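Structure record follows, encoded as structure tokens.
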Amino acid sequence: MSGPESTAISQLNSRWAETQATQPTHRFFSAAASRRRAGSVENLARTVSAGDLLRLLPSCGTLPSLRALHARLLTHTQGLLLGSLRASTKLLSCYASLGDLASARMVFDTTPRPDAYSYGVMLRCLVDAGRHADAVALHQDMRQRRPCPEAQDDFVLSLALKACVRSAEYGYGRRLHCDAVKAGGGDGFVMNSLIDMYAKAGDLECARKMFERIPDRNVVSWTSMLSGCVQNGFAADGLLLFNEMRRETLLDMYVKCGEVEDARHVFDELSYVDIVLWTTMIVGYTQNGKPLDALHLFLDKKFASIVPNSVTMATVLSASAQLRDLSLGRSIHGIAVKLGVADYDVVVNALVDMYAKCQAVSEANRIFGRILNKDVVTWNSMIAGYAENNMGDDALMLFKQMRLQGAPPDSTSVVNALSASVCLGDLLIGKSFHSYAVKRAFLSNVYVNTALLNLYSKCADLPSARRVFDEMNDRNSVTWCAMIGGYGMQGDSAGSIDLFNEMLKDGVHPNDVAFTSILSTCSHTGMVTAGKKYFDSMAQHFNITPSMKHYACMVDVLARAGNLEQALEFIDKMPKQADVSVWGAFLHGCRLHSRLQFGEEAIKRMMVLHPERPDLYVLISNLYTSYGMWEKSLAIRKWMQEKGLVKLPGCSSIGHENG
């Protein structure tokens with residue numbers, strides 16, 4: 001045998017002899033144990049296959065055992081095994097982990113075509129050993145042999161930049177910055193390394209520019225920038241930066257804790273706002289159900305000089321989706337295209353979600369179809385879109401396609417599939433996804449359990465719903481509300497109220513949805529006194545301002561029970577003008593108790609207040625229709641046409657909550 005393998009064996013034998021000569025004689029038992037381990041690995045290596053030899057490499061805990069196995073690999077099938085990149089990289093990694101820099105470099109130098117991972121392992125070995133100039137030289141070699149995209153790998157770049165800083169090779173570091181820009185900007189590690197490099201080079205202007213471009217600054221980013229200020233004689237700037245860091249940490253904490261009002265107070269006190277702080281506040285509003293506030297901040301002229309990034313655009317698209325505002329969403333889509341961020345993964349996923357939630361499923365599907373590399377978030381956005389638009393069959397077909405294309409579903413995928421099963425009213429399919437969730441160990445996820453609970457409740461299998469609920473280790477307010485609503489849908493008012501009280505005893509603060517569920521239960525079961533008590537307790541005991549949905553529920557409680565005079569008095573005392581859902585609940589009670597004249601009077605009052613509202617005329621037309629008064633109903637419709645009062649098509653909320 002000749003060539004690199006022969007040389008390698010010779011070098012290994014020499015290093016083995018050196019190791020034995022320097023072994024401490026006074027550590028007899030330790031040395032003996034090492035020899036036994038090396039001997040056992042070497043003996044085992046003589047009896048196993050080539051593939052098994054490679055799998056033995058990580059088990060070598062000492063250099064002697066590793067060298068023995070290396071020698072066996074070189075002689076096995078004339079050393080052809082080590083011609084593979086996988087084997088060489090594995091061996092290189094083992095030498096590096098045991099601190100044998102010379103052997104690691106020898107393996108690397110005899111590797112014919114090392115890839116980015118091999119270079120990364122060797123670079124890490126050199127940097128950790130303080131051989132920074134050698135690390136820079138190695139990366140220069142990599143740029144020549146494998147210019148892109150491997151030389152622009154984020155892990156490799158961050159190591160090379162670190163070596164540039166330690167060896168003061170700032171000129172080469174600037175060239176690496178160009179490589180990072182060509183590769184798309186680099187990740188957080190690369191950007192932090194660039195900040196450190198420019199700060200050490202005394203170029204604080206470039207360091208600050210890099211600092212401001214990092215979308216998710218961490219303590220390393222701040223420390224690099226602070227150190228740069230201090231090292232370059234700008235202590236006052238460093239102090240200001242330190243105070244800024246403290247405020248941004250505070251802002252981030254309030255946002256993550258859902259305290260957006262406190263976060264906004266901190267935000268308004270900032271002397272300087274950049275893209276990161278601005279986006280953080282927009283994200284805070286959007287994630288905490290305040291999409292209008294998010295959009296107002298996005299459109300605030302005070303921040304017109306800040307150019308939105310992909311995270312900003314994805315967030316305001318999410319806000320548009322929450323508002324179900326298709327026109328606004330399309331406008332933001334256009335801005336994203338102009339800014340050149342429309343093809344970023346986070347923006348594409350947000351676009352699919354926005355169009356689907358705004359009932360523009362064909363547009364969502366068109367964007368989805370153009371995505372070549374779909375991740376699990378992309379699939380989930382489209383599946384959820386189908387489920388939300390009552391296209392359960394399409395949602396389940398897409399779930400199947402996702403699995404066939406090798407994308408493993410996550411817990412969110414299962415939640416979406418369960419929602420599609422509810423949409424179809426198919427308990428059998430839902431149960432199959434329950435089994436799938438068990439197999440994939442998703443039942444520890446509170447959202448999966450809540451979706452299962454919702455499935456069984458909506459499909460009238462209350463015992464199964466309660467079993468899921470009782471077996472949950474982690475429950476949130478949504479879970480409690482789903483179970484309370486399940487009892488309410490089945491007419492079990494006692495079960496619903498008992499569970500609501502149990503939730504309070506468990507220390508769970510009820511949200512607005514919980515009160516919607518309990519008020520709906522009271523209306524369906526005629527519990528007027530209980531309904532009044534729960535409605536009053538919202539503001540008095542739980543600091544929840546009733547929404548129009550709660551007012552509609554309370555009117556429904558009174559009207560269904562025949563207390564129409566009380567219901568009308570309640571509407572008159574409302575702190576805001578009643579909308580169609582409130583009047584719809586009132587008229588529903590009029591129909592139930594055959595109080596046509598009372599309903600007519602209410603409609604006339606509404607028409608005086610809102611003569612331009614076509615949906616009010618539709619309400620009285622429907623009221624006449626329900627009593628078989630066709631001529632009056634048609635007369636209303638004809639008059640609407642003459643006045644140009646056309647009700648836009650869409651889903652009405654009347655009856656869904658209260659019917």
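Cβ atoms here come from the backbone N, Cα and C positions, even for glycine.
Nobody curates TrEMBL annotations by hand; they come from automatic prediction.
Now, the feature entries from TrEMBL:
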type: REPEAT; residues: 115-149; note: repeat 'PPR'
type: REPEAT; residues: 187-221; note: repeat 'PPR'
type: REPEAT; residues: 274-308; note: repeat 'PPR'
type: REPEAT; residues: 375-409; note: repeat 'PPR'
type: REPEAT; residues: 476-510; note: repeat 'PPR'
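Tertiary neighbourhood of the repeat 'PPR' (274-308): same-chain residues 212-217, 248, 251-252, 254-255, 258, 260, 263-264, 267, 315-316, 318-320, 322-323, 328, 335, 339, 341, selected by CB-CB distance under 8 Å and a gap of 6+ residues from either end.
Remote same-chain residues near the repeat 'PPR' (115-149) are listed as 85, 88-89, 92-93, 96, 101, 104-105, 108, 155-156, 159-160, 162-164, 166-167, 169, 172, 176, 179, 182-183 (criterion: CB distance under 8 Å, separation of at least six residues from the stretch ends). Across the repeat 'PPR' (115-149), the prediction's mean pLDDT works out to 81.
Long-range neighbours of the repeat 'PPR' (476-510) within the same chain, counting only residues 6 or more positions beyond its ends whose Cβ lies under 8 Å from a Cβ of the stretch, are 446, 449-450, 453-454, 456-458, 460, 462, 465-466, 469, 516-518, 520-522, 524-525, 527, 530, 542, 544. Helix first, then strand, then coil: DSSP counts for the repeat 'PPR' (187-221) stand at 26 helix, 0 strand, 9 coil. With helix defined as DSSP H, G or I and strand as E or B, the repeat 'PPR' (375-409) counts 26 helix, 0 strand, 9 coil.
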